[in-house]
Amino acid sequence: MHCHLVESRTQISAIVLVVAFLTGNSLAQTQYYGQLIGSFPTPAGPGGVAGTVYAVDADRVQIVGFSFDGSVSDVQFRTGSTDSPDGGAGVVVPDEQGRATPLGVYDNRRIVLTLPAGTTLDSVTWIAVWGQNTGNIGHVAIPDGLVIPRPRNIGEFSRRQHQVRSGNVNITDAKTFHIPNLHYDGFGPDAFFWAGTTDRPSSRGFKVPDHRGSFDRRLPRYTGQTIDITLPGDVTVYDIKWLSMWCIRFTANFGEVFIPTDLNVPPYVGDITSPPQELGNCEELNDDFQVSWELQAGNLNLQLAGRVADGDYMAFGISGCADRTCMVGSDVTVAWFDIDTPKAVDYTLGAYSQCSGTSGVCPDDRVGGTDDNFDVIGTRINGITRIKYSRPINTGDTADKVIDSAQNMYISWAIGPINPSGVAAKHHTRAQGSVQLQFGRSPSYMCSMIDRGRGTPAPVTPWPANVINADVTTFTVRIGPSGLARGYEAITGQPGWGIAYWINDLLIPELILTRGQNYTFIVEGGDDPSQPARYHPFYITDDPLGGFVQKTPAEKQQVGVFAGVDDDGLPTAAGRYCEYTSPDGDTSEISETFADYFSTLNLTCESGQSARLSWTPDHNTPDLVYYQCYTHQYLGWKINVADADTDPCSPNPCQRQGACTVTGPTTFTCTCNHRYSGDLCQYGLVLCCCLAAAAACEDYFSSRDASRYAVYDNRCYWFSPTDYRRSMKYTRAQTDCRNRDRGATLALIKDADTQAFVEQYLGTIVSGPRRDYWIGLDDRTRERHFEWNDGTALRYQNWARRRRRHRGRDCAGVMASGKWDLYRCRQRKAYICQMPRVW
């Protein structure tokens, strides 16, 4: 199979055919449902109960072909740890929609059940279909020694080309790869995720959709994103041997992970489309976020469900305004997963600012109230986070609002990141316009299933970090927008509050200072403590978080403060308020460069005086400190402090003879030899595009046409021109290749991968009137005993089906089709030179 065939067919059905071709099977492997537990009785028992039960993971089971005719009343699923389900033992298992109500009619359905909280397959011995009046009408026993499927860590992507690297890749289910901290420079001209069944990555593979769900768009640059990708069609991890980041056009492997042969991972159940319907009422807040609820004995039970990123919260509650949706004054619950633990924390939104003291977006227990949420449970399945909790209608807490179930009430909601301190940071998605709900209405379920298949938003390219070198001694400090994913978040790796410090018109620049030099900071971050959203005193500390006033006395003892806070712990650098704002809203997502972004901003300053902070770092100052906000966390960034005579390029930190250039007292850049890449020239560079390959092979071909070079398997190849004037006889072509370098030969095509490379190059790059090329294969020493030019015997072959008669034809060439044929050695032809490995 040729690569261009795979490339031209992106439909899922074609992928299945590709896998069938590669594996020799009529289909991909028989559909995988998980570890077999057992089947309900055959023939079907009372009520027509039938189906086969599989373990999905420790918390879920899948029933394939489940049937129940509804003739038995008050039937539910149950599970327990007794010897058998007789006698009504065990607990109720909610149905596939999360409801504990009696079962309806099922006809050969495939469903997934989630065991109740605190119950796992390790702790039960049976699963039953149970009638309240009839008892057990069908059950399966959990086998002794059942090996429960679990996600599998398969290690990092190998670091071969284009700066590919990642964290440990997890196979989360039979079709899904979870790839954390993925890096790739984005320069591959025809790069895709690629999978196959050969022993190592090769052209005999097929495309895997990227995080966007795309077969057609080449891979974008990745700068540490965490993504999920899903195998296409019916293909599972049990059908493949590896996953690669692959350049199709030039058959180049940028990095791969191999699939272990002893997998036992959960099956893929994302194609089961039963909508969740756990509570009686449900409303869609947007395409990615739903709230469902019901009233019960003076309490309001709620569930928040959303397609949110790891580390993001869902916030929902009562608006701060009685006549519209507004944020300030709202009483909300902030719900998220703290690693594997669901949280639902009662918050008061006292001001449009980060929580500081008793003001801002704060948990109730930080402002004199109490957390009144209880019975918090949650699940994360198929990319959807669901967190269920309860709260009293009237908590009696002055920080909370009373829920009037008979009236329409305006609500507030938002989605955003939880910061590393476990506190809600500024939202990235919020309610648009005013939204009302009546919590006491008659049950009405208005939600459809949240779409899992839209993929992760395409990663944006961060702006380069700003640096101010040691020759600058005066800094003007103001407030401005954070630049979101291109700015503060990309630079620091932390979620911000939507604002950050700007110094000398630059977003959180890294400062380079010299010990013994005096520096002046002109601070314009606000001086009115009664307006916490506009009060940002400046100080210098060894604390990477900031927010000195938020710390406990014990925490304050653990951090060093070098300027900006007096002996009584009060701020000394709080000047008038100046802020950069965008009149048209944040434009960071569409601003490719920082200069573009800055051009959209306006600077406004309130009346008043600036504050001036003078500081001279000395020998007691650490090499790394931070400028921070006294009242709020996550607004500032790094200050590098060095001695005046420090030379960061001595000794040379650049590897493989890279050239070091000083950029500051403690910073430098490396200029790498063309064969290497990376910040320290630590990575071998294997290029897959022709112009770049020309640079890598310039030692061999400095005077040749760049369009005729290619790089494969760490060596250079040159395809000679095809016009008759520059073609050569076989022996002269051999000599021309040998003269280029010791060990160079005509091309040695000893395996299918090299053959695929030559075919693809000939088919997509080289053009001309003659398309036959000499390769390094002949039988001139012994008739019909073919040898390669390096003396090795012929094993791999790719002869044309009807090649020319052998008589008088002893030298081999490759035709435009890629097939080999025999020619008279004195004929003039183009030729392919193969150089020794160059790195």
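Just so you know, glycine gets a Cβ as well, placed from its N, Cα and C.
Where the annotation comes from TrEMBL, it is an automatic prediction and has not been curated.
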Per TrEMBL, the disulfide partner of CYS672, chosen from CYS660, CYS681: CYS681
Within the domain 'C-type lectin' (712-834), residues counted as helix, strand or coil by DSSP: 27 helix, 33 strand, 63 coil
Winner by Cβ pairs under 8 Å against the domain 'C-type lectin' (712-834), considering only 38-144, 155-260, 287-416: 155-260
Integer mean pLDDT for the domain 'EGF-like' (645-682): 76
Neighbour count (Cβ, 10 Å) for CYS681 (disulfide bond): 22
Surrounding CB atoms that lie within 10 Å of the CB of CYS672 (disulfide bond), all protein chains: 20
Secondary structure composition of the domain 'DOMON' (287-416) [DSSP: H/G/I, E/B, coil]: 3 helix, 72 strand, 55 coil
DSSP helix/strand/coil residue counts for the domain 'DM13' (155-260): 3 helix, 46 strand, 57 coil
